Amino acid sequence: MEGKVFSGQKLILVMLLLGHLHGFSSCIEKERKALLELKKFVMSRCEECEYDSVLPTWTNDTKSDCCQWENIKCNRTSRRLTGLSLYTSYYLEISLLNLSLLHPFEEVRSLDLSNSRLNGLVDDVEGYKSLRRLRNLQILNFSSNEFNNSIFPFLNAATSLTTLSLRRNNMYGPIPLKELKNLTNLELLDLSGNRIDGSMPVREFPYLKKLKALDLSSNGIYSSMEWQGLKNLTNLEVLSLGYNYFDGPIPIEVFCEMKNLQELDLRGINFVGQLPLCFGNLNKLRFLDLSSNQLTGNIPPSFSSLESLEYLSLSDNSFEGFFSLNPLTNLTKLKVFIFSSKDDMVQVKIESTWQPLFQLSVLVLRLCSLEKIPNFLMYQKNLHVVDLSGNRISGIIPTWLLENNPELEVLQLKNNSFTIFQMPTSVHNLQVLDFSENNIGGLFPDNFGRVLPNLVHMNGSNNGFQGNFPSSMGEMYNISFLDLSYNNLSGELPQSFVSSCFSLSILQLSHNKFSGHFLPRQTNFTSLIVLRINNNLFTGKIGVGLLTLVDLCILDMSNNFLEGELPPLLLVFEYLNFLDLSGNLLSGALPSHVSLDNVLFLHNNNFTGPIPDTFLGSIQILDLRNNKLSGNIPQFVDTQDISFLLLRGNSLTGYIPSTLCEFSKMRLLDLSDNKLNGFIPSCFNNLSFGLARKEEITNYYVAVALESFYLGFYKSTFVVENFRLDYSNYFEIDVKFATKQRYDSYIGAFQFSEGTLNSMYGLDLSSNELSGVIPAELGDLFKLRALNLSHNFLSSHIPDSFSKLQDIESLDLSYNMLQGSIPHQLTNLTSLAIFNVSYNNLSGIIPQGKQFNTFDENSYLGNPLLCGPPTDTSCETKKNSEENANGGEEDDKEVAIDMLVFYWSTAGTYVTALIGILVLMCVDCSWRRAWLRLVDAFIASAKSKLA
């Protein structure tokens with residue numbers, strides 16, 4: 001009987017246990033439905049999203065346990081939701097958040113709505129008190145949204161909050177701490193990356209009595225700061241004020257009285273002076289960042305008391321002269337030390353016998369005038385990152401660092417004077433190695449890839465390596481970035497490398513002596529997005545293997561000996577943004593269709609035939625100079641983005657089409673050295689040449705989908721220090737344009753619109769057969785820096801409107817048929833450095849003053865009617881010559897008058913004699929009879945002769 005009872009009890013327990021376990025199988029139904037409503041909210045703001053692609057585990061399946069969904073955490077016992085994140089990688093429309101959507105999550109403790117494109121909060125029922133419904137909410141992350149100060153009244157109702165992050169929003173003006181006075185439990189407040197300015201009301205911080213961590217970095221200008229009030233934050237352990245600009249001196253002693261500080265971030269706050277002695281009193285300090293200031297002097301001895309210090313950064317300050325690291329000797333917990341100078345004015349002095357007690361994880365001594373590897377590194381065994389770039393270290397590359405530090409991941413030695421590369425004796429797991437810009441010569445090590453097979457980034461450019469490309473490089477299966485440009489390497493690329501490095505994303509081998517056919521067969525470079533092999537000796541046609549690299553974004557094969565036609569397939573790669581095939585032997589006709597978005601360089605080849613009407617497409621920079629192209633400039637269709645159109649040195653004929661005037665984003669237009677005729681279109685003033693509104697100016701961004709190499713080596717409360725490689729700096733555009741009587745290179749960065757290229761605006765129509773007048777409308781292009789109309793048949797006058805070209809630096813109108821005087825108003829062109837009007841028919845006085853006083857007589861040759869400096873022709877002599885010419889004209893007029901008198905006097909004499917004869921005949925009859933007989937005799941004689 002007892003056995004049956006016992007068995008029954010066990011059965012009941014099993015049933016209860018099964019029922020209990022069944023309760024764990026699913027989340028709360030109300031919360032599951034609420035999560036699906038949140039997903040609908042996200043979907044409503046994403047036009048291109050499909051339902052299954054956004055938060056795909058959040059499904060309508062009733063059997064699906066929402067506690068197992070992504071971005072969700074639940075209590076193991078109650079199955080209530082405790083953690084929620086709405087993060088998605090999709091681009092969402094900006095929207096308000098209705099807080100009532102969150103009310104079903106009554107037990108939620110952590111709410112992450114960062115990166116959600118939210119710009120405000122709303123609740124039509126409970127208003128500002130809405131968040132009080134979430135009575136257990138402790139962590140609220142609203143970072144990287146579009147919120148402004150209007151959300152503070154809502155936040156004040158979340159009285160249980162301990163952590164509040166409003167990083168990277170649109171907060172502005174003074175910090176409205178009074179509106180957060182009910183958040184008495186708040187321990188961490190992050191307001192970094194906003195636009196907070198004005199005064200910092202430190203006196204209001206006592207509302208937040210439990211505050212331990214405060215981040216106000218990267219905001220703006222604090223016009224005033226109640227510095228002394230910081231001392232009242234007695235519980236504060238973490239303070240970040242980095243990258244703000246404070247008016248007036250900073251009383252650094254205030255920080256010295258905050259005895260509980262463990263992390264202090266004062267980067268980039270314009271801190272001037274020496275390192276404070278009193279910092280040595282902060283014996284709890286673990287993290288201290290004073291980089292990017294104007295600190296001088298040396299590390300004070302009091303720093304030796306910072307027994308808890310793990311992280312110290314003093315980089316980018318104004319230290320000069322000798323700099324000693326001796327005060328750091330006894331800091332046994334120091335893991336990260338970062339030091340670099342701004343302008344190589346400091347010399348770090350490290351005694352050969354110095355043996356500190358710490359074991360570093362990260363050491364950066366960049367631009368410190370070091371002449372040898374510090375000896376203390378011989379005793380470091382836990383290094384992960386070493387950066388000794390920009391020094392004067394010579395001799396052998398210190399590969400013993402790899403042998404002593406098996407966990408070393410990053411070794412930066414660029415821009416030194418190393419001469420010998422010696423490989424480690426055993427295989428190492430190093431991931432980043434940069435020894436570029438040294439003086440290393442000799443053969444490149446054959447076993448390089450076998451000893452360092454795990455390299456992700458390798459840069460050995462700008463050295464003197466010789467010999468062939470090592471076949472062992474094919475064993476670096478993880479390599480993503482490889483740069484051996486600017487060396488003397490030769491031969492062909494080994495097949496083992498071409499067929500094995502499928503992770504390679506960036507390959508740069510330019511400025512070497514590599515030869516042979518490039519990629520004649522298919523390769524395994526399936527991840528390649530940047531390929532630069534320019535300035536080598538490659539020959540033959542463009543290889544079949546190259547045409548399989550469909551993910552390429554940047555391809556530079558310029559200045560080789562490639563021949564044959566341009567494969568049309570190459571110009572329709574989906575992601576290709578930059579293609580440079582200039583300086584080769586390519587020939588044939590241009591393809592009719594191009595899908596490139598940005599840059600196409602085909603100059604200095606042998607292309608023939610016309611330019612297709614559809615050739616431009618979405619290209620922003622097109623360079624076809626110095627080919628053998630013929631025909632008219634086409635009526636380009638379906639193009640709006642062209643900014644640089646360079647067609648110099650071909651055999652183009654016909655008129656300049658007026659459709660060019662529709663290129664409203666034009667910056668450089670070079671049609672010189674062709675056979676164009678007709679007039680210069682007066683509509684050229686429609687071309688922007690820098691006149692476009694700011695938002696219309698093109699950003700020459702080449703999208704490279706390669707993630708930067710990232711290695712986090714220290715994480716504090718607010719600052720995550722890391723080693724990062726940014727590859728965008730490798731990509732630049734170089735455009736040559738004739739100005740100031742020479743060809744200059746104008747450089748532009750792809751991503752950031754930096755460099756001289758983005759400030760250059762020019763028009764070159766020289767060496768053609770253009771005729772007619774110079775349109776006055778060209779004077780409206782007041783951003784032009786270079787204008788060249790020389791070697792044409794232009795006539796009439798120099799337009800007075802050219803005086804509006806305020807930024808013009810080079811103006812060349814030589815070898816035309818221009819007449820009249822040089823407009824005096826041109827002396828107001830204060831930027832003008834080159835002015836040439838030689839070999840025209842100009843006359844009058846040469847203007848003087850300002851920039852015109854700098855031009856020599858070569859600017860005016862071949863204009864005999866011009867006078868004044870800098871020519872030898874005096875305007876006074878010219879005036880006398882003109883007066884003499886005027887005197888001759890008066891003599892001619894007098895001669896003309898004398899002849900007129902002669903003619904009139906002769907006629908008068910004849911008439912007078914005739915009248916006298918008639919009078920005598922009337923008075924004397926004998927005279928009349930004699931006259932009549934004479935007339936009759938004359939008539940009779942005439943008749944007889946006629947008979």
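Note: Cβ is positioned from N, Cα and C throughout, glycine not excepted.
Bear in mind that the values here come from a model prediction, so they are computed numbers and not experimental data.
These come from Swiss-Prot:
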type	residues	note
CARBOHYD	Asn60	N-linked glycosylation site
CARBOHYD	Asn141	N-linked glycosylation site
CARBOHYD	Asn148	N-linked glycosylation site
CARBOHYD	Asn232	N-linked glycosylation site
CARBOHYD	Asn415	N-linked glycosylation site
CARBOHYD	Asn459	N-linked glycosylation site
CARBOHYD	Asn488	N-linked glycosylation site
CARBOHYD	Asn524	N-linked glycosylation site
CARBOHYD	Asn788	N-linked glycosylation site
CARBOHYD	Asn828	N-linked glycosylation site
CARBOHYD	Asn836	N-linked glycosylation site
CARBOHYD	Asn841	N-linked glycosylation site
REPEAT	134-157	repeat 'LRR 2'
REPEAT	183-207	repeat 'LRR 4'
REPEAT	381-404	repeat 'LRR 12'
REPEAT	617-640	repeat 'LRR 22'
REPEAT	664-686	repeat 'LRR 24'
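Annotated features, which come from Swiss-Prot, shown on the structure.
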residue	record	DSSP class
Asn60	N-linked glycosylation site	coil
Asn141	N-linked glycosylation site	strand
Asn148	N-linked glycosylation site	coil
Asn459	N-linked glycosylation site	strand
Asn488	N-linked glycosylation site	strand
Asn524	N-linked glycosylation site	coil
Asn788	N-linked glycosylation site	strand
Asn828	N-linked glycosylation site	helix
Asn836	N-linked glycosylation site	strand
Asn841	N-linked glycosylation site	strand
Open item on the list: I'd like to confirm something. Which of the glycosylation sites, Asn60, Asn148, Asn828, Asn836, has a Cα closest to the Cα of Asn524 (N-linked glycosylation site)?
Closed with: Asn60
Task: Within 10 angstroms of Asn459 (N-linked glycosylation site), Cα basis - glycosylation sites out of Asn148, Asn232, Asn488, Asn788 - done: none
- [ ] Mind pulling out the one from 134-157, 617-640, 664-686 with the most Cβ pairs under 8 angstroms to the repeat 'LRR 4' (183-207)?
- [x] 134-157
- [ ] Across all the protein chains here, work out how many other Cβ atoms are within 10 Å of the Cβ of Asn841 (N-linked glycosylation site).
- [x] 15
TODO: Whole-number Å only: compute the distance from the Cα of Asn841 (N-linked glycosylation site) to the Cα of Asn788 (N-linked glycosylation site).
DONE: 18
Task: For the repeat 'LRR 4' (183-207), the mean pLDDT of the predicted model - done: 84
Open item on the list: Using CB atoms and a 10 A radius, I'd like the single residue among the glycosylation sites Asn148, Asn415, Asn459, Asn488, Asn828 with the highest neighbour count.
Closed with: Asn459
Task: Tertiary contacts of the repeat 'LRR 2' (134-157), as residues 6+ beyond its ends and Cβ separation under 8 Å - done: 94, 99, 102-103, 105-121, 123, 128, 163-173, 176, 179-183, 190
Open item on the list: Nearest by CA distance to Asn415 (N-linked glycosylation site): which of the glycosylation sites is it, out of Asn148, Asn232, Asn488, Asn828, Asn836?
Closed with: Asn488
Task: Sparsest-packed of the listed glycosylation sites (Asn788, Asn836) - C-beta count within 10 angstroms - done: Asn836
- [ ] Have a look at the glycosylation sites Asn148, Asn232, Asn488 and say which one has the shortest Cα distance to Asn788 (N-linked glycosylation site).
- [x] Asn488
Task: Greatest C-beta neighbour count within 10 angstroms, which of the glycosylation sites Asn60, Asn141, Asn232, Asn524 - done: Asn141
